[in-house]
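Below you'll find the structure, written out as structure tokens, and then a few comments.
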Amino acid sequence: MSANLYLSGIQTLHFKFNAVLLLLTKTKNFTVNVIIYNTKQLNKLEVYMESPMHSMLSKGWKWFFIVGILISIAGLCAISLPVVAGVTITTIIGATFLFSGLVQAYHTFSIKQWNVKLWYVLAAVLYIVGGLFILFKPLAGLVTITMLMVVTMIFNGGTRVVFGLTNRALPGGKWIVLSGIISTAIGIYFFTLLDDPQFSLSLLGIFIGVSLLFEGFSFIFLGSQLKKQANKIQ
């Protein structure tokens, strides 16, 4: 009886000893696995910290802020001096037309087919004449460009209305129609005011100023979002 109890006790101790060893082994393996996992994560973090994306987040947001502020200031200047802004843009457009016409005229010498060459010559003449007209008569060119812009606004609004009505099943079809109606109405209203010299000379500059202002705000907003992301990973 006592021998059986003795053997039973030894077996129990042996079982407990093996259980402790198994537990220690599992715990050790778990600890090693955790250390390896954390080391891998730290390595990934170090790689990310050295990546171009992190560099852009930590430093690039400042440039977005600076560019946004400069563009916003340019927009405010254009709104406060719309005629000057309009003449400046008109001069740039005229110079672009003239340069494009000269390039096309030079390109015509390499074309052998007369029907194709004729179209290139005609386009080059139109570009050159239009560019010279805008450069030598910037105010008249400004009024002409403003009129074309208003007509384009009316045309785009009308096409959006037609597109929205013919595609009512599309998501947001009603909003497309509504935006087209608003664009057409504003374009027609602007067209009726083109007889006023002050309005026709100022409209393009105001449009440019508002566009620059929104563009600057978008850069500033993007810079603030990049700054938040950079602060999260520090």
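Each Cβ is built from the backbone N, Cα and C atoms, and glycine gets one as well.
Whatever TrEMBL says is automated annotation, not expert-curated.
A quick note: this is a predicted structure, and the numbers were derived from the prediction, not measured.
Remote same-chain residues near the transmembrane segment (63-81) are listed as 205-206, 208-224, 226 (criterion: CB distance under 8 Å, separation of at least six residues from the stretch ends). Residues annotated as transmembrane segment in TrEMBL: 63-81 (among others).
Look at TrEMBL and you will find 87-106 (among others) tagged as transmembrane segment.
What TrEMBL records for 118-136 (among others) is transmembrane segment.
Residues or ranges marked as transmembrane segment by TrEMBL: 142-163 (among others).
The feature transmembrane segment is assigned by TrEMBL to 175-194 (among others). Within the same chain, residues 143, 146-147, 150-151, 153-154, 156-165, 167, 200, 203 sit at least 6 positions outside the transmembrane segment (175-194) and bring their C-beta atoms closer than 8 Å to a C-beta of that stretch.
According to TrEMBL, the feature transmembrane segment maps to 200-222 (among others). Sequence-distant contacts of the transmembrane segment (200-222) (same chain, at least 6 residues past either end, Cβ-Cβ under 8 Å): 64-65, 67-86, 89-90, 139, 142-143, 145-147, 149-150, 190, 193-194.
Residues of the same chain lying 6 or more positions beyond the ends of the transmembrane segment (87-106) and with a Cβ under 8 Å from any Cβ of it are 120-121, 123-135, 138-139, 141-142, 145, 204-205, 208.
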